[in-house]
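Colleague: Mind looking over this structure? Questions follow.
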């Protein structure tokens, strides 16, 4: 009991406070913090001040319940600690606060910047809208002027001195500038589509116009043409949209045919590894010529233009009138700053690009087929990719191959194109008959059938041309030449069926006639 009671006895120490003796009594069960507070109060030092306690010799005395007791003759002294560490902590705290304040300030500035950018975009959109309205107003004025001109012409008896029967300046689409940003949606092409685009088997019938535009845009990016010619991507979109708008809604020579030819060109570039053999400029020329090769085609061929003495035939002196017109429209579009994909090309380099594109589009005139094929045959056995003349000849043959390559595709893709072509042929032959002009037998709905239209063309035009290209690029045999042979066999089988049916019909007519005679 004695020891237990002694453990609860208070502890007494004596302090020197400003030269006076201060007695301090505390329980041995007090915490060090309580003792420190008691010492601070006894020594007139603010609470929570960091302190230390020393004896008369300056030795440190621990501040806790176990500290040794002293007497009034050997006083302890409570000394406040200097506070540089506390100052440093305060400085650090102030720095942290400053940084937090700065971050908040930046966040508010970002919001202000976002607001400013949003306002500027709204202003730009308003300007674009106003510009678009101006274009609409200009078009309205042009249409009113055209109507007025037509009225004046009709009152004055018309243009009696011009023998043109088909006026392209009236019938054709106008090349109108588009100052707005193209609005066709951006399609994300799947990996499957990207791979299919590189092959001749690609099914062109499954795609809407906007999707075809996105595919063409992808081809230019994928081949590195956007980077090579430093094209503005928005200008590329505008150019493609202007091109699409300047293809007419013909049964065959329409924007889908343009896409078909361009996709086949893209496919041949990959299949023949042309990226390793030709320059990027050459590939840009091939692709752009393919995209533009039938711009504003009226649906009536060169034979009609020349025989009918149309405005185009007169303008181009009966020399490839359509192909010359396609070139003219192509460079009309490119002359618009907002559609000029070659705007950042050196002027001298652009002259060469223009010359090459024109040469390729003019090469699509089938009247020059024999000449171009023969020129390539003379070079193919000793072909030199460093020889400019050889490369030009190859590019001309490549665009010809792509232009008439439908039968290379699977039957279910190729056969609808034959129907489209025959529909366009029949429209022309009907018109030729009504105008008293010569009619080609292969375009006459009363004489031609699908098998007869295709067999001769495949046997004597397509297969010889593709087999010649195969000498330089053997890898095309499986994917391009063999399908042509299969297509030839398919139409020959169809012809045999047609012939058998015709023969059966003739036999029945003869049999019925003879039967009536016997009666």
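From the backbone N, Cα and C atoms, a Cβ is placed for every residue, glycine too.
According to TrEMBL, the protein carries these features:
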type: DOMAIN; residues: 177-498; note: domain 'PDEase'
type: BINDING; residues: 253, 254, 255, 256, 257, 294, 403, 454; note: AMP binding site
type: ACT_SITE; residues: 253; note: active site, proton donor
type: BINDING; residues: 257, 293, 294, 403; note: Zn(2+) 1 binding site
type: BINDING; residues: 294; note: Zn(2+) 2 binding site
Colleague: Give me the count of other Cβ atoms within 10 A of the Cβ belonging to residue 255 (AMP binding site).
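Modeller: Residue 255 (AMP binding site): 21 neighbouring Cβ atoms within 10 Å.
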Colleague: Suppose the Zn(2+) 1 site is 257, 293, 294, 403. Which further residues of the same chain have a Cβ inside 8 angstroms of that site's Cβ centroid?
Modeller: 253, 258, 261, 290, 297, 364
Colleague: Quick one: Cα separation, residue 254 (AMP binding site) versus residue 293 (Zn(2+) 1 binding site), in Å?
Modeller: 11
Colleague: Identify which of the binding-site residues 294, 403 has its Cβ surrounded by the largest number of other Cβ atoms within 10 Å, counting every protein chain shown.
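Modeller: Counting Cβ neighbours within 10 Å, the top one is 294.
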Colleague: Are there any residues at least 6 positions away along the chain from residue 257 (AMP binding site) with a Cβ closer than 8 Å to its Cβ? List them or say none.
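Modeller: Set apart from residue 257 (AMP binding site) by at least 6 residues yet with Cβ under 8 Å, we have 247, 294.
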Colleague: Averaged across the domain 'PDEase' (177-498), what pLDDT does the model get? Just tell me the whole number, please.
Modeller: 95
Colleague: Could you list the residues of the same chain, at least six apart in sequence, whose Cβ is under 8 A from the Cβ of residue 293 (Zn(2+) 1 binding site)?
Modeller: 258, 261, 326, 360, 361, 364, 399, 403
